[in-house]
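Annotated features, as they stand in TrEMBL:
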| type | residues | note |
| --- | --- | --- |
| TRANSMEM | 27-50 | transmembrane segment |
| DOMAIN | 42-293 | domain 'G-protein coupled receptors family 1 profile' |
| TRANSMEM | 62-88 | transmembrane segment |
| TRANSMEM | 100-121 | transmembrane segment |
| TRANSMEM | 142-164 | transmembrane segment |
| TRANSMEM | 197-222 | transmembrane segment |
| TRANSMEM | 243-264 | transmembrane segment |
| TRANSMEM | 276-295 | transmembrane segment |
Amino acid sequence: WEINGSFYQPSAFLLMGIPGLEALHRWISIPFCALYLIAVLGNCMILFIIKKTQSLHEPMYYFLSMLAVTDLGLVLCTLPTTLGIFWFNMRRIGFDACLTQMYFIHILSFIESSVLLAMAFDRFIAISHPLRHSSILTKTTVIKIGLAIIVRGMVSLLPIPFLLKRLTYCRKTELSHSFCFHPDIMNLACADIKVNVFYGMIIILSTVGMDFIFIVLSYILIIKTVISLATKEECLKALNTCVSHICAVLVFFIPMIGLSMIHRFGRNVPPLVNTLVAYTYLIIPPALNPIIYSIKSSHIRKALLRALWRKR
């Protein structure tokens with residue numbers, strides 16, 4: 001412990017695996033390894049196919065590439081500590097290393113939320129103004145949107161590590177997850193955390209909350225446009241292009257909202273439920289997104305089959 005008068009700051013935190021199932025961690029690691037492997041290989045495959053297939057060099061797939069890179073980042077942020085606990089019971093993580101992991105996990109989560117919003121905007125333009133789609137979302141515009149998303153995430157979350165470093169912590173250093181999460185670290189403090197709580201709520205509502213609202217509004221406008229189409233076949237064809245994105249939105253936002261609600265209001269929620277929701281939030285979307293887009297996108301599916309055929 002670093003002691004400066006009444007100021008206490010732990011040199012390290014202790015991470016938690018799955019509470020109550022510590023004896024089964026080796027066996028539990030098998031499905032986690034499978035999910036991590038699917039996430040890494042699937043997202044790398046998406047990036048490779050989009051890069052090599054000239055016909056996929058359009059806004060929809062540029063945004064999908066951003067989503068794949070973000071998912072890879074989330075996987076690589078949590079993989080070392082999660083598998084370190086399951087395989088070697090390595091629970092200790094340095095204070096600064098924990099803050100760094102937390103910062104990147106939250107940045108990547110915010111970036112994924114913003115990318116999903118950009119993808120919703122792309123679908124709205126493609127359905128409402130198909131003839132102007134390529135002129136509105138040019139390659140330069142897509143790059144500017146990507147840079148704005150990254151800067152927004154980095155700047156909005158930059159104060160969080162410094163707000164945590166200023167706090168005095170209690171003797172308890174055990175976190176609730178196998179990764180570092182802002183509310184989890186904050187709740188170990190013995191000081192007044194009102195500033196942390198207020199800033200965290202403002203940031204999540206003004207970023208992820210606004211992203212979700214605008215995604216919903218985009219789909220309201222999309223449905224309004226689709227209803228005005230002449231035939232039922234055209235309506236179904238237009239909506240079919242949105243199915244994979246809708247699935248990605250649900251897979252990301254439902255666990256994220258659930259985890260945020262548990263950390264803020266679920267004092268009596270069993271630790272096992274809290275842990276499972278956290279793993280669902282950080283591991284399931286990166287593993288499912290490549291599968292969803294490979295199944296629902298005929299262009300990616302055909303490009304993948306062509307790549308496999310050429311390899312044979």
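Note: Cβ is positioned from N, Cα and C throughout, glycine not excepted.
Listed by sequence, the residues of this chain that lie at least six past the ends of the transmembrane segment (100-121) yet keep a Cβ under 8 A from its Cβ atoms are 60, 63-64, 66-67, 70-71, 73-74, 77-78, 81, 93, 145, 149-150, 152-154, 156-157, 160-161, 164, 179-182, 185, 207-208, 211-212, 214-215, 218-219, 245, 248-249, 252-253, 256, 282, 285. Taken together, the residues of the domain 'G-protein coupled receptors family 1 profile' (42-293) have an average pLDDT of 89.
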